[in-house]
Amino acid sequence: MNPLISDFQTPQQRTPVIVALDFSNEKDTLGFVRNLDPTLCQIKIGKELFTATGRNLAESLINQGFKLFLDLKYHDIPHTVAQACKVAADMGVWMVDMHASGGRRMMEAAAEAVAGYGTKPLLIGVTVLTSMEQSDLAEIGLNTAPEEQVIRLAKLAQSSGLDGVVCSAQEAAPLRRELGQDFVLVTPGIRLDVADNNDDQRRIMTPAEALAAGSTYLVMGRPVTQAADPVAVLREVNRVANLEAN
């Protein structure tokens, strides 16, 4: 098994898959999750679902045995982000993220806020959104390639005390070389078939490609949530992960 995965999972739950629960309400979410096995995946709640349902749904999913990635991408003054991370830790959240562009003081405050917890959430920096291309960066005044900006922000996140970053699979290999084997790389934009890309994720890869590139966790939304048999998809991705690790 990939040592990066086993470092952050119990022996009963060593899977790289994070399922993005891209639903808009509690009923649909619980109806989908009811058929999932917490040993096959972690789960992620983003802004839409959390805004619609609040912490009650998040805590319910944690109580069902799921490791929860609270994907709210904090970006605020250091005190506010630190307090938000403490609340997430109190809830039992497994992973929480923030924009690395919020700067060193913000990230250091977040790391300090959760340092005293026996089981603290993984703190993950968001580097460059996977929907963004070089032209998008240029429009906001960053005349650099996405890959260069990702590495710059990832180094800042690591030196500020974060556990890892969100990055596309294309950036995983250079980040692994730059930041070492213990830094967590969370990769969205994962598709079972790269030709099947109807949404706003630009820099995509298959599970096997992403794992080979050095990704630790694979975020999958519609390829799982809209599958005819989501459990079969999860089992297949985990099979690929086991092959890749051995």
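Quick reminder: no glycine exception, Cβ is built from N, Cα and C everywhere.
According to Swiss-Prot:
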ACT_SITE  Lys73  active site, proton donor
BINDING   Asp22, Lys44, 71-80, Thr130, Arg191, Gln201, 221-222  substrate binding site
| Around the Cβ of Asp22 (substrate binding site), the count of other Cβ atoms that are within 10 Å | 19
| note | Neighbouring CB atoms within 10 angstroms of the CB of Gly221 (substrate binding site), all protein chains considered, total 20
| task | State the count of C-beta atoms found within 10 angstroms of the C-beta of Pro78 (substrate binding site), not counting that atom itself. | result | 18
| task | Could you list the residues of the same chain, at least six apart in sequence, whose Cβ is under 8 A from the Cβ of Leu72 (substrate binding site)? | result | Gly46, Lys47, Phe50, Ala84, Val96, Asp97
